[in-house]
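Database features, via TrEMBL:
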- Glu31: active site, proton donor (ACT_SITE)
- Asp175: active site (ACT_SITE)
- Glu292: active site, proton donor (ACT_SITE)
- Glu313: active site (ACT_SITE)
- Cys243-Cys278: disulfide bond (DISULFID)
Amino acid sequence: MGGLEGRYERARNWVEQHLDFSKVGRVIVFETVIRNLGGLLSMYHLSGDVMFLRKAEELAVRLASSFDSTYGLPWPRCHLNRPGVCENHEQLGDSLYLAEVGSIQLEFRALSHHSKASVSHVLRNASERVIEVLQDAQSVVGRLQAPHDALLPFSMSRSTGRYSTNLVTLGAPADSYFEYLVKTWIQGGMKEDRQWGRFKRVVDSMVELATYESKHGDVIVMDVVVSQNGTVQFQKKMDHFACYIPGMIVLGMRGLGEKEAERRRRWEWVATQLTETCYKMYAKSPSGLAGEHIRLGANDEWRMTGGYELRPEAVEAFFYMYRHSGEDKYRRSRSYDLTNGYLIQKLIHY
């Protein structure tokens, strides 16, 4: 598509001749699945070159032992050159982040779809069992109850299979778990009712419980702290990571029926308003670059914290909102302002 056939051939030959997983030591399992396994499968899907599929199968074999734990929750670190040798986080002990165990299903499902290797089906089943564990797990400190229990705490103990925090966030380090619910539903031809039901409950709960409109009209998705007796407190904070939410909602809206007009209206309003908040994270910054978080103070005044980390989520929101609404502001003025802010700062510093 880009006329870069020569570069593709060089990269393809490098993968075939030099990518040797037996020489790779310790890796982060989550990152290896979404980037390496997902990348190889994407290249196979785009090119039809079976070499990429074979490399993906080789990697999958070396990742299989990551699921060898009491509750089937994957170890966060494993050695590709020493199958069966896996470890906990250096700082977190046996705690696992929701995103890293709940955002590997797309890739293993894709592998199972394309590959006839037995390991591919074993890993798909193992990764999907993780979702069941996450849904059913209790908490040692507090968890939201029905109807909002689809919003899960962000960390869990690998050894006990219980949630180890009472903080619910749709930002990091929980973000892509929620995003993968709708994407696996789409991947399955939009026919998996259980997955679709989980996603609908997530968005409905987010809209009803965690969405906040400030005195100044800014809309954010708050963090929720849950006590053991079920009472909740809210933190008026939103991560830049959470700017994936508008795109997630837009993807899910294709599943809403004609009789769900009110739900569609609520979802669309939240997606639109959150996209504006994500834009303001850049527009309100003196440098034109967003920080990692925004917090609303006692009078809902805007406070931005953290440095600029080249996050893609706001641009993703603009892309999906443009595709959904056709409004040119998302493609032109919003995207232009973000790009312009980045280029100006790059010129200043370099």
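Glycine too: its Cβ is placed from the backbone N, Cα and C atoms.
A straight line from the CA of Glu313 (active site) to the CA of Glu292 (active site, proton donor) spans 11 Å. Residues within less than 8 Å, Cβ to Cβ, of Cys243 (disulfide bond) and separated from it by at least 6 positions along the same chain comprise Leu274, Thr275, Cys278, Met281, Arg311, Glu313, Ala314, Glu316, Ala317. The CA atom of Asp175 (active site) is located 14 Å away from the CA atom of Glu292 (active site, proton donor). Other C-beta atoms found within 10 angstroms of the C-beta of Glu292 (active site, proton donor) number 17, with every protein chain shown included. Cβ neighbour count within 10 Å across all protein chains ranks Asp175 highest among the active-site residues Glu31, Asp175, Glu313. Using a 10 Å Cβ-Cβ cutoff, Cys278 (disulfide bond) registers 30 neighbours.
For the pair Glu292 (active site, proton donor) and Glu31 (active site, proton donor), the Cα-Cα distance reads 20 Å. DSSP classifies Glu292 (active site, proton donor) as coil under the three-state reduction.
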